[in-house]
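Trainee: I have a structure here, written as structure tokens, and I will follow up with some questions on it.
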């Protein structure tokens with residue numbers, strides 16, 4: 001059994017989350033229970049609890065007992081002309097009765113991997129007027145630098161992301177959303193002791209009077 005504890009600090013607000021994952025030795029299914037601090041803030045409750053059943057690379061089922069939200073995800077991949085093609089179908093809905101319940105949402109995601117350095121991805125939400133097309137290019141022999149331009153046809157806008165990995169588990173990522181003029185910088189570190197750390201800052205370039213938004217996260221993994 002594996003346990004994960006995550007802490008997140010955003011301005012003057014701190015949140016925490018914990019996950020327990022159990023994989024039967026005779027099966028490739030994985031059972032997972034995740035809870036945020038909302039599950040314990042006012043005594044034990046179902047709020048903030050998510051139950052997951054998944055078979056990696058095949059399907060995933062998420063259930064939030066408090067809101068009765070359900071998410072189904074099915075994925076598959078195959079070789080087509082020596083190119084890896086991957087497809088993911090995601091359907092989100094709620095079992096809660098009432099006229100105010102949010103509408104169901106269905107999304108399709110596909111990717112075509114040309115080689116280890118080049119991949120084309122496409123995502124579309126059924127009922128929407130557009131899609132997102134992303135190209136990923138990993139530069140160099142070790143592919144430590146990744147460049148990812150993305151075009152949103154619905155908003156007619158570009159997003160750009162550049163990630164640089166370093167020896168030792170460090171990585172720096174910069175993203176820019178042209179539609180919102182939002183610039184984000186992330187630094188992450190993966191530790192050999194089963195922990196990871198992340199510090200992020202985002203800047204609203206459309207209103208330079210706003211202070212940057214700072215976020216710090218830490219994740220710890222344990223074997224039980």
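Positions of Cβ are set from backbone N, Cα and C atoms, glycine also.
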Trainee: Looking at the candidate ranges 170-178, 197-205, report the one that Swiss-Prot labels transmembrane segment.
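Mentor: That would be 170-178, the stretch labelled transmembrane segment in Swiss-Prot.
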Trainee: Same topological domain, and so the same side of the membrane, for residue 45 and residue 191 in Swiss-Prot?
Mentor: yes
Trainee: Could you check which of 143-154, 155-166 is flagged in Swiss-Prot as transmembrane segment?
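Mentor: Based on what Swiss-Prot states, transmembrane segment spans 155-166.
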Trainee: In Swiss-Prot, which of 47-55, 56-64 is labelled transmembrane segment?
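Mentor: Within the set 47-55, 56-64, Swiss-Prot attaches transmembrane segment to 56-64.
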Trainee: Of the ranges 91-100, 131-140, which one does Swiss-Prot flag as transmembrane segment?
Mentor: 131-140
Trainee: What residues elsewhere in the chain lie close to the transmembrane segment (155-166), defined as a C-beta under 8 angstroms and at least 6 residues from its ends?
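Mentor: For the transmembrane segment (155-166), the list is 130, 144-149, 172-179.
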Trainee: State the mean pLDDT for the topological domain 'Cytoplasmic' (29-32).
Mentor: 88
Trainee: So which of 2-11, 33-42, 71-80, 117-126, 170-178 is most in touch with the transmembrane segment (213-222), counting Cβ pairs under 8 Å?
Mentor: 2-11
